[in-house]
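Feature list (source: TrEMBL):
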- 21-41: transmembrane segment (TRANSMEM)
- 25-515: domain 'K+ potassium transporter integral membrane' (DOMAIN)
- 61-82: transmembrane segment (TRANSMEM)
- 151-174: transmembrane segment (TRANSMEM)
- 194-212: transmembrane segment (TRANSMEM)
- 219-241: transmembrane segment (TRANSMEM)
- 298-318: transmembrane segment (TRANSMEM)
- 338-365: transmembrane segment (TRANSMEM)
- 386-408: transmembrane segment (TRANSMEM)
- 420-439: transmembrane segment (TRANSMEM)
- 446-465: transmembrane segment (TRANSMEM)
- 477-496: transmembrane segment (TRANSMEM)
- 527-724: domain 'K+ potassium transporter C-terminal' (DOMAIN)
Amino acid sequence: MVQESGFKTWEYSRLKLYKTTLLLSYQSFGVVYGDLCTSPMYVYKSTFSGSLQLYEENQEIFGVLSLVFWTLTIIPLCKYIIFVLGADDNGEGGPFALYSLLCRRSKMGFLEGSHMGHEGFSSHDSSAPTKETRTSLLIKEFFEKHHSSRLVLLLVVLLGTSMVIGDGILTPTMSVLSAVYGIETKVPNLHENYTVAIACVVLVGLFALQHCGTHRVGFLFAPILLAWLLCLGGVGIYNIFHWNPGVINALSPSYIYKFFQKAGKSGWSSLGGIVLCVTGAEAMFADLGHFSQLSLRIAFTVIVYPCLVLAYMGEAAYLSMHKEDLQRSFYKAIPEVIFWPVFLIATLATVVGSQAIISATFSIISQSRALGCFPRVKIVHTSNNIHGQIYIPEVNWILMLLCLAVVIGFRDTAMIGNAYGLAVVVVMFVTTLLMFLIISTVWNRNVFWALLFVLVFGFVELSYFSACLAKVHKGGWLPLVVSLLILSLMSTWHYGTSKKLAFEMENKVSLDSLLTLGSNLGITRVPGICLVYSDVTNGVPPMFAHFVTNFPAFHQILIFVTLQSLMIPKVPVGERFHFVRIGPPEFPLFRCIVRYGYKDVRDSHDLETHLIENMSRFLKCQVQSQEMAIIEANEKGTTGAGTRKVRFKINIEVSEEVEELMEAKEAGVAYMISNTSVKASEASSFLKKFAIDIVYGFLRRNSRCPATALGIPPASLIEVGMLYHV
């Protein structure tokens, strides 16, 4: 009976796992695959927008189809589904997830949070250690010894991040404009200005609804994308059998060879349009945290991949018989009877696809901000249940203005496609480079496999990159300018922040010096608790010493608080607060390190309550550790009566200390932060002065002030002004 009961429990657990996985697969259609699934609307148009010509024998069409098929097979299916999804960071994906893995496994990190903040932290790396190869040790040693190599690695990650943010501008414009241009199929005389105006209205509506949160309309997303994929697959099958069943022969890679043999340089140039068939492939990895590896693999291999292949085959079959419809082949290939329903679903699908990349942009900026690589911005959590769903007002409106500028300025999807292709390829190649380090140093595989991965996928991506680079003057300059601007801002913010922290570490004051200073000045203790925020994890921050020197008084209980971001996705709630007593018993001085992962929600309003609750637990835990020491001493010869007296004394002391903490809380909690101005020293170079005084100063003045970002009540705020010369 027990065995039968255990078997039923196992069956129930397995059935529940299957249901959960299938549900996640269904939900992934509305979040992950929107961008990838709207690509058929513009791939052929972008590919044949250059010098590539069509001839009667269909060799060019079949060659392009073969390239599209094998690109879809090699990059999304083989690279991402088989390999990259396995490189998750505790279930999270994206460029920062790969970087955090590398930072934790070796000293490759250039960010402060990659080497700090793990005191008393037990779960910052849940993966089991494996035997390291000689190559792994050599690579780690190289990065540990060479400071510049760690800087280059960080810049590569930031470049990939900047390109993803650039995608947040190009994806909505490309998708929405391609869908709206379908109207011209039925209304050929419609002026281009009307089409652009309609696209602008759709984009404004899309960004205006962002503050509502994707969860409010999320139940619509998956059905829309699923309906869209079924439309693609169904129309594709119809076109194959109705126009040219022989198109199936084009799946042979021999057509790629024939294509380049005949098309030559024009064929190579057309790669800039073909690469658009894999736009959104990176989203499978970036959105891994919301789903699971198995659910994404099932959704892609069972539904997405077959439907996309059928769509491209069907359009190629139609084109082989209607070469004159090249610029509008996607909508022309739709049977007349279902045109308007498909057009409506296509427009909705582009909105869903755009929503996915906008949400991904918000998430990446939030991660960058958490790791000190992006200025402070307002982050609004739009869902009580799903913490990953966020909205950043400043970024949202800037993205909207840039999208409108691109639509009005470019108007042509071919030029936007040139820009789009370059951004897509750079992000993919950054992932390939990071995967080389993951395979060799984290997975500890033979360097041969890491090199093979880079050679196979890197060759394909660099081939596309070279074609996109040749179109820089035809719109490809846009993602370069945008990404370089974002990269410069992120790098300058990180540089300025690191210089500020270095100044504070060099000028911090020892606790003994503070107590001596207090005795000399005759410090006055006032009732209440003071939370002193700083980035210094040991010693006394210079701004507090500056405050005490000019105003010799501080609160009854003093807690130095450091908010620290770790290179992990989430920190367990039980390990978020780390307390240390740093003063003698007569001076209640404590240090508290509050740790967050790069995907954690920072609930500033509840921080005070949680901090004091954990402080009380810390005081009680200290007593328990002291009692354990007394018991050990008793076993070695201390009398039982003496033990009881000491334990009674300790219990009284801790009760008094906890009572003092509660009384201080009732008296009021004050927050002390620094309001510093950072200036480059007189001996600095012109470049450093420009970066610190102008760029970093501008970003600090126009980003959210620390007090607002921390949710500090204005009535409880104490700001200490200082000037740092770095």
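Numbers run from 1 along the shown chain.
Glycine is treated like the rest: Cβ placed from N, Cα and C.
Between the transmembrane segment (194-212) and the transmembrane segment (61-82), fewer than three CB pairs separated by 6 or more residues in sequence fall under 8 Å, so the two stretches do not touch. As a quick check, the transmembrane segment (61-82) and the transmembrane segment (298-318) clear the bar of 3 or more Cβ pairs under 8 A, pairs 6 or more apart, so the two touch. Among the stretches 151-174, 298-318, 338-365, 386-408, 420-439, the one making the largest number of Cβ pairs under 8 Å with the transmembrane segment (477-496) is 151-174. Away from its own ends, the transmembrane segment (420-439) comes close to residues 46, 75, 79, 83-84, 87, 95, 98-99, 101-102, 108, 139, 156-157, 159-160, 163-164, 166-167, 170-171, 174, 272-273, 275-276, 278-279, 281-282, 285, 445, 449-451, 453-454, 457-458, 461-462, 464-465, 467-469, 471-472, 476, 479-480, 483 of its chain (Cβ-Cβ under 8 Å, at least six residues beyond either end). The stretch from 151-174, 338-365, 446-465 that makes the most Cβ contacts under 8 Å with the transmembrane segment (386-408) is 338-365. Here the transmembrane segment (338-365) has long-range neighbours at 30-32, 34-35, 37-38, 41, 94-96, 161, 164-165, 167-168, 171-172, 175-176, 178-180, 182-183, 185-186, 202, 206-207, 210, 214, 221, 224-225, 227-228, 231, 235, 280, 283, 286-287, 331, 374, 377, 388-392, 395-396, 399, meaning same-chain residues at least 6 beyond its ends whose C-beta is under 8 angstroms from one of its own. Confidence across the domain 'K+ potassium transporter C-terminal' (527-724), taken as the mean pLDDT and rounded to a whole number, stands at 78.
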